[in-house]
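What follows is a structure written as structure tokens; I'll ask about it next.
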Amino acid sequence: TAEFQEILTEIEILALIVGCLCHDLDHRGTNNAFQAKIGSALAQLYGTSATLEHHHFNHAVMILQSEGHNIFANLSSKDYSDLMQLLKKSILATDLTLYFE
């Protein structure tokens, strides 16, 4: 809406909408502490900080880069880069441990 566009750019709005849709992609039904405690493959791959959130972001990128799913194909390279940085930041920000430390 016009009110959002006074505060956020179109790229920021798009990144936040896609981030909302993708923030729990391929969720395993556990939390980061559990992943770290059992030494899961995800914890080994992404480390013990925001393990699942890194996985959600990378899973989103995998889908978005799959043939026929690149909804960002018409963006300039700068807009695409900016959007992907914002998308990653928005998904990683869903790690609740950031807010309870």
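The backbone N, Cα and C atoms fix where each Cβ goes, and this holds for glycine too.
Sharing the features that TrEMBL gives for it:
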BINDING   H23, D24  Zn(2+) 1 binding site
BINDING   D24  Zn(2+) 2 binding site
DOMAIN    1-101  domain 'PDEase'
With DSSP, how much of the domain 'PDEase' (1-101) is helix, how much strand and how much coil, in residues?
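Tallied per class, the domain 'PDEase' (1-101) gives 66 helix, 0 strand, 35 coil.
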Could you work out which of the binding-site residues (H23, D24) has its C-beta surrounded by the smallest number of other C-beta atoms within 10 A?
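Ranked by other Cβ atoms within 10 Å, the binding-site residues H23, D24 bottom out at D24.
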Need one number: mean pLDDT over the domain 'PDEase' (1-101).
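On average, pLDDT over the domain 'PDEase' (1-101) sits at 95.
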